[in-house]
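Pulled from TrEMBL, these are the features on record:
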type	residues	note
ACT_SITE	K261	active site, N6-AMP-lysine intermediate
BINDING	E259, R266, R281, E311, F351, R428, K434	ATP binding site
DOMAIN	339-474	domain 'ATP-dependent DNA ligase family profile'
Amino acid sequence: MEFSLVAQTLDILEKTSSKIQQAATLAALFKKTPAIDIDKVVYFILGILWPDWKGMPEIGIAEKGIQKAIAMATNTTESEVEKLYKSLGDFGAVVEKLKLGKQGKASGLMTFIKSAKEEKKRLDVETVYNTLVKIAMLQGEGSRDMKLRLLTALLMDADAKEAKYIVRFVEGRLRLGVGEATVMDGLATAFGVSRDLVERAYNIFPDLGAIAKTLAEKGGGELKNIKPTPGIPLRPMLAERGSDPVEILNKAGFPALAEFKYDGERAQIHKKGDKIWLFSRRLEEITHQYPDVVEMALKHIKASEAIVEGEIIAVDPETEEFKPFQELMHRKRKKDIHEAVKEIPVVVRLFDCLYVDGVDLTMKPLPERREYLRKIVEESDEFRIAEGAIVKDSKELEQLFLKAVDAGCEGLVVKSLGRDSVYQAGVRGWLWIKYKRDYKSELTDTVDLVVVGAFHGRGKRSGTYGALLLAAYDPDTDRFVTVCKVGTGFTDEELAQLPRKLEPYKLPNKHQRVDSDIEADVWFEPALVMEVTGAELTLSPVHTCCRGWVKPGVGISIRFPRFIRWREDKSPTEATTSKEIYEMYLRKLRKIERVEPKGEEA
Ligand code: ATP
């Protein structure tokens, strides 16, 4: 298929902000795309060459390289390209302008003859994709020049619009405002299958390119046969929050399983023969970071093939007490992994089992999954099943909560044991409810928010940012909505590093998927997530989070927010959602309502 069709679609998508329209535009493209190209088209639209979890190399061309390739491909000087970049703020726009200029100059009969000749060698999807893959795969000495040569040749063959999107792809900034959710909508429409079916397949096999190909080649029926596969991470099941033990048990049903909520790194452990893979909560492969866990898994998992899930927790080598999450991050940053393993040992606490020797357990209720876990895991101090108990009432729940906190855990995860307690991959639902220490004191819940903008600092803070504009994620609209500005809680060092940390995400304008009434001094692509505490949730006329949900035209904001830490393990769409903020707000209101009548009585 000609690549121009993809470029034209990207152009339309860029100008459309309605999610429904975007999905319809994508569906039209997918219908036209031959099966052989559809995976490549899906990847290109998502701005990737392959799913992140494959751990394959990235394109690896820096800004300077892009500048050089544009100059060579358009017969322009690098300083001219640089000048244009300064005024347009985007290399995609620069190459488009330069190419259009060239097309404009060659006019009349010459153009006609030339374009007739060129008709035959229009760029096709396969050539573009394969060239980009070749560029990414080039590593080591001399690869930089080869990469530039390949990119230059590709840009020479491309027309203005095609070049614009190729450059943006290489820069890692397609900025279409199209996320995975919209691509799934488009695929469901194009192939006449239910959106739920596509999503279920994606949750247990997170590769939208491969899913699109299966749909195009074999139809929707085949999607039902997709099952967990060792080596391919599943999207994790997530927990809702609860703050009241009675309410929690009402939602989970009782008796329920209450387990310690360990403060470590979540890991999906995959085993196939003597091969082990570890995947993070974000589906990144982290096997190489934990050679000790690999050894434990080989020793203690008694099945030839299995996928289990658990938490990796740092422990004090002297006292064997659990250490906080930050310790693990500290270990990750160490260069010599073998030294780190000795210095900061870890243990594993398992809480789920998704697949064993050909059997897909994701649709089985929790008691059955736990039975499998018990059967295949030979427990030891370092590698065992999470501590917990079956609780019948709120009193038992409270007791276990105190025990968990006492053991250095964050609290509990309360899990439904009912017949429908399946593993809901990729879903945050009420089958799992987290009950954390900090929910006890009103309004000190922490939230994870995405940095979307910043304000220049003054006085002591000149040269860095004075405050960052933070947003929650709204999965229904696939957009980021602002909740607060945060300027406190940073150490001097963290403050000084802010500009450098945020530089790669800088944009000339507000990102398409960000809803903000506030004009930030600098805009960022929604990428970095930070954990924040707040004193209060209040109605806000300026913030767009939950706008109109409580009152028309009014949103919800967090007052007196404080930075706690970066959440590198979370992607922007895993940030706290506007729905969660709304629920927190309602909970607070309920508490106030309960207090007020008492006051009147007195
Ligand atoms: P938080 O920021 O509170 O850790 P999160 O948004 O990262 O939450 P949630 O799904 O909301 O993720 O909370 C569940 C997390 O708690 C899991 O991702 C897992 O890492 C951790 N966890 C610790 N112990 C357990 C357990 N026994 N069962 C399930 N999850 C557990």
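From the backbone N, Cα and C atoms, a Cβ is placed for every residue, glycine too.
Projection of TrEMBL feature records onto the structure.
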residue : record                                  : Cβ contacts under 8 Å, 6 or more apart
E259    : ATP binding site                        : F351, A386, E387, G388, L412, V413, V414, K415
K261    : active site, N6-AMP-lysine intermediate : A404, C409, E410, G411, L412, V413, K434, Y435, K436
R266    : ATP binding site                        : P236, S280, R281, E309, G310, E311, I312, D569
R428    : ATP binding site                        : L238, A239, E240, T577
Out of R281, K434, which of the binding-site residues is least crowded by other Cβ atoms within 10 Å?
K434
Within 10 Å of the Cβ of E311 (ATP binding site), how many other Cβ atoms can you find? Include all protein chains, please.
24
Cα-Cα distance maximum in Å, computed over every pair in E259, R266, R281, E311, F351, R428, K434 that the record assigns to ATP:
19
Starting from the Cβ of F351 (ATP binding site), draw a 10 Å sphere and report how many other Cβ atoms land inside it.
24
Express the predicted model's confidence over the domain 'ATP-dependent DNA ligase family profile' (339-474) as a mean pLDDT, rounded to an integer.
90
